[in-house]
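Right, one structure below, let's go through it.
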Amino acid sequence: MTNIRKTHPLLKIINSSFVDLPAPSSLSSWWNFGSLLGVCLGVQILTGLFLAMHYTSDTATAFNSVTHICRDVNYGWLLRYLHANGASMFFICLYLHVGRGLYYGSYTYSETWNIGILLLFAVMATAFMGYVLPWGQMSFWGATVITNLLSAIPYIGTELVQWIWGGFSVDKATLTRFFAFHFLLPFIVAALVMVHLLFLHETGSNNPTGIPSDSDMIPFHPYYTIKDILGFLIMLTALSMLVLFSPDLLGDPDNYIPANPLNTPPHIKPEWYFLFAYAILRSIPNKLGGVLALVMSILILAIVPILHVSKQRSMMFRPLSQCLFWLLVAVLFTLTWIGGQPVEHPYIIIGQTASVLYFLIILIFMPTTSLMENYLLKW
């Protein structure tokens, strides 16, 4: 008798995606981050659902409702900090996942890559709106500054900002709609994840060598299921340590002060995972130019497949490109540091230099180096 997992209409879809899926035999731990992101999304949706049961999206009670969750709800503090630090873990996994795609040339699967970019934007939008909900000082002023950037759009900018705010400033209407969208978006993200996987399973996985692995495939289960479970344990241990020992390590102390439109914090900054983009935004003196640079810092990923001129897919055997890749990583760390610093000398010039380097490496240095490697290998 044929196994039910191969005949049942629903089970056979799961079977072909997670059990009998042919996978390259050489996948390293860098291929764990996709499944880790799935776990992060699950944790965020679950903790978020329970938090939403106690949260009130009204300017008068939002801050107090978060305090109530932490003090009065059973394990509310755990839910709140799992959700807040789970977002940080989500972005760590996201950036490592994107970095792996860049290093090993996974972007040549253009459909999967483009859905991934869409997912990145959706998760960033979700995280931004979530940061507004506790209604602390940084929530309020972060929302004001970031939404105000849209006023740089010619002709319709000011009206667009007021339409998003639902008034003439960030207020009750803004908080209510941000809560609605923050609740809705993760489910859209989950749907996009399905599309992401659908496109990935059309082509099969890439591997560290970048060479087609059709001749050497192994079943996903038990090999990669066990490997993924080990990844889950490591990540959840790290998250638990963060939540239980230093839950406020990555947060901003200003967010423990209730939102006050009459008092501006000395340094308005977003969560750490947006600091690199915030530094790029601040490094351009012109408002519209800064907004365009901000959007392009992420959207530039969409043109990476077009800029791939190397005869080799992966960077595994391309030492010059590897040097540039790690330089790009160093530039991103520098931008993240600068984004959290005040706008004064020498931080301004460091931020501007790092911003220019970021775009130069991706747009010019990497393609040029690839051509040079092709020439050196007589390809």
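Glycine too: its Cβ is placed from the backbone N, Cα and C atoms.
Remember, predicted model here, so these are calculated numbers, not experimental data.
Copied over from Swiss-Prot, here are the features:
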| type | residues | note |
| --- | --- | --- |
| BINDING | His83, His182 | heme b b562 binding site |
| BINDING | His97, His196 | heme b b566 binding site |
| BINDING | His201 | ubiquinone binding site |
| TRANSMEM | 33-53 | transmembrane segment |
| TRANSMEM | 77-98 | transmembrane segment |
| TRANSMEM | 113-133 | transmembrane segment |
| TRANSMEM | 178-198 | transmembrane segment |
| TRANSMEM | 226-246 | transmembrane segment |
| TRANSMEM | 288-308 | transmembrane segment |
| TRANSMEM | 320-340 | transmembrane segment |
| TRANSMEM | 347-367 | transmembrane segment |
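Positions of Swiss-Prot features highlighted on the structure.
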residue	record	Cβ within 10 Å
His83	heme b b562 binding site	21
His97	heme b b566 binding site	20
His182	heme b b562 binding site	21
His196	heme b b566 binding site	21
His201	ubiquinone binding site	14
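Contact between the transmembrane segment (77-98) and the transmembrane segment (226-246) is present: at least three CB pairs lie under 8 Å, with pairs separated by 6 or more positions in sequence.
The Cα atom of His97 (heme b b566 binding site) lies nearest to that of His201, taking the binding-site residues His83, His182, His201 as the candidates. Counting residues 6+ beyond its ends, the transmembrane segment (113-133) has Cβ neighbours under 8 Å at 55, 57, 62, 66, 87, 90-91, 94, 98, 101, 106-107, 139-140, 142-143, 146, 170, 174-175, 178-179, 181-182, 185-186, 188-189, 192-193, 195-196, 199, 270-271, 273-274, 298-299, 301-302, 304-305 in the same chain. In this chain, the transmembrane segment (226-246) lies apart from the transmembrane segment (320-340): fewer than three C-beta pairs between them fall below 8 angstroms, excluding pairs fewer than 6 positions apart. Cβ atoms under 8 Å from those of the transmembrane segment (288-308) belong to residues 98, 102, 105, 107-108, 110, 113-114, 117, 120-121, 124, 149-150, 152-154, 276-278, 280-282, 355, 358-359, 362-363, 366-367, 370 of the same chain, restricted to positions at least 6 beyond its ends. Recorded residues His83 (heme b b562 binding site) and His201 (ubiquinone binding site) have their alpha carbons 30 Å apart, per Cα-Cα distance.
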